[in-house]
Ligand code: BES
Ligand code: MN
Ligand code: ZN
């Protein structure tokens, strides 16, 4: 989707979108001679400017033909529903036959950031991945190619180009990685996809292959990968935009490119959704791209633990004991609790190699998280209240909402093993919390760490303001906002 900011409404064929802030009628005055007809159309559709509401009308176009007019409700004046405006407009028009949407913000009171968010939401809602849909009927095909924003405050365009366009590119990368099936995106091709998206971004990329990880003693991560024909990879992306030598903020993502459960195999129904078990790694890659593209003034490292979890004659078995890079031994009770095995070694690697003292991991870690919070919030577990609060604030500001979950000694005891230092599962109850406790065993004294269980939010069965059905891109806007509000502040 092309985004343009212009001063005046263009001529030529387009749909016109006008924001309406609640039941205030003054916005209708701009329709001049057509005011009564437009107001009448709004009334017939019981539209009263409520946030996210839409009414359609047709007005005369300059060439004498008809022009589609969308009235989009923003509830009240101000930025609060900026994203609803852009996203709703594009959602309605994307396959409508219109090629250009003109959103007229004149007199609507959006700040520069609000107007830039109208652009961001428009572009996010316009993202699609139709690569494998070769038989789409004409009416199902995307027609909208351009959103033109008129009458925004002058600083809005710079805010868009300097910040949100980068965020959009990051979200797009994440969504692409998450959407691709597991025969296309596996550890090595995940790395390749990132490399090509990151060319010229200034990100420094390093990749550890299996022999390198063996050398480091990453027995937990490598154990998960034993049953797969695909080679595991540890992808490291570095952005040095801050003061030289300043300790890096570190993001770590679970990148299980397909999770069959391994020998503790999952039921067939719904297993296809486990192609998105790399959603945490996808978010880390997308966030790194976003912060690099907007040249964030911060030092940030992104690490993706990439493996495929398959059953096979070579796969690890329930009851196996593996030795992690930290030296801690793990009894693998259930091979389907694989994400924590991958992350444990990635956590140790980050702390030992980069001296990371501030770590946020993202993982589609537990089904129990989806039971707890559904699809609205990701769960945040943290050993530090300041970091937890920064994340909650970044979540609220970015729209990638988080809800805090507990950690504690009593939960930790539930993963003691009779044969090794830890077992990889606790009881069914509190399954997301014991998974987080497992990760915490790999966090060194004095390190601030938060774990985001994003199992319920990286994929959506229904469209929303900012996404189509499918990959949401959750985490990119959140991490980008966290960097802006903390590391760059
Ligand atoms: N990737 C899954 C978690 C998951 C399940 C994410 C459903 C999204 C939807 C994870 O690897 C897993 O299988 N977890 C198990 C843990 C259990 C064996 C302790 C789970 O949640 O059932
Ligand atoms: Mn699993
Ligand atoms: Zn998994």
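Placement of Cβ uses the backbone N, Cα and C atoms for every residue, glycine included.
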Notebook entry, point to check: Hey, TrEMBL has Mn(2+) 1 bound by 336, 338. Any idea which of 259, 412, 416 it lists too?
Noted result: 259
Note to self: Of the candidates 277, 345, which one does TrEMBL list alongside 254, 259, 338 as binding Mn(2+) 2?
What the structure shows: 277
Next item on the list: Could you tell me which of the recorded positions 254, 266, 277, 340 have their C-beta within a distance under 6 angstroms of some atom of ligand 2?
Entry: none
Check: Hey, what's the Cβ neighbour count for residue 266 (active site) at 10 Å?
Finding: 17
Check: Apart from its near flanks, which chain residues at least 6 from the ends of the domain 'Cytosol aminopeptidase' (334-341) lie with a Cβ under 8 angstroms of it?
Finding: 220-221, 223-224, 254, 256, 259, 261-266, 277, 280, 307, 309, 315-318, 322, 324, 363-365, 424-425, 435, 438-439
Notebook entry, point to check: Got a sec? Which of these recorded positions, 254, 340, has the most Cβ atoms within 10 Å?
Noted result: 254
Notebook entry, point to check: For the recorded Mn(2+) 1 site formed by 259, 336, 338, which further same-chain residues have Cβ atoms within 8 Å of the site's Cβ center?
Noted result: 224, 256, 260, 261, 262, 264, 266, 274, 277, 309, 335, 337, 339
Next item on the list: Would you count the other CB atoms within 10 A of the CB of residue 338 (Mn(2+) 2 binding site), including those on all shown protein chains?
Entry: 29
Check: Same-chain residues six or more away whose CB lies under 8 A from the CB of residue 277 (Mn(2+) 2 binding site)?
Finding: 254, 256, 257, 258, 259, 309, 339, 364
